[in-house]
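Asks: Below is a structure I'd like to ask you about.
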Ligand SMILES: [Zn+2]
Ligand SMILES: [Zn+2]
């Protein structure tokens, strides 16, 4: 995933160090204390839109990182093969509007059910 490359604008304009999001309002450079408002960052990047959710995720407020899949199994009856075990995975969608999607995959026939 080219996620980090999409965020080159999150690097310090003076020393090139990666900016740290210190709050939802500012990203700061840990080396030279260069400060950039996240509003400015959001406005600068056209291809990649920074949403408040992205910033919260960066700050570790959201428990799921970008592209993180959590794998667990749950008991759920498969309508296709009658199996009663599903793999349960969650994916955080990139867009704030899409939120989190849960995938249930039958461990036997691999039939997948998605739920938002
Ligand atoms: Zn700097
Ligand atoms: Zn099945």
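Cβ atoms are placed via backbone N, Cα and C, with glycine included.
Reproduced below are the annotations present in TrEMBL:
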- 12, 15, 29, 32: Zn(2+) 1 binding site (BINDING)
- 12-32: zinc finger (ZN_FING)
- 74-114: domain 'TFIIS-type' (DOMAIN)
- 78, 81, 106, 109: Zn(2+) 2 binding site (BINDING)
Asks: Of the binding-site residues 78, 81, 106, 109, which one sits closest to residue 32 (Zn(2+) 1 binding site) when you measure Cα to Cα?
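Replies: Nearest by Cα distance to residue 32 (Zn(2+) 1 binding site): 106.
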Asks: Pick from 12, 15, 81: which of these binding-site residues has the biggest number of other Cβ atoms within 10 Å of its Cβ?
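Replies: Its Cβ has the most other Cβ atoms within 10 Å: 12.
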Asks: Can you list the residues of the same chain, besides 78, 81, 106, 109, whose Cβ falls within 8 Å of the Zn(2+) 2 site's Cβ centroid?
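Replies: Other same-chain residues near the Zn(2+) 2 site: 79, 80, 82, 83, 107, 108, 110, 111.
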Asks: Given a 10 Å Cβ-Cβ cut-off, pick out the one of the binding-site residues 32, 106 that has the most other Cβ atoms nearby.
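Replies: That would be 106, with the most Cβ atoms nearby.
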Asks: What is the nearest of the binding-site residues 81, 106, 109 to residue 12 (Zn(2+) 1 binding site), using the Cα of each?
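Replies: Answer for the nearest of the binding-site residues: 106.
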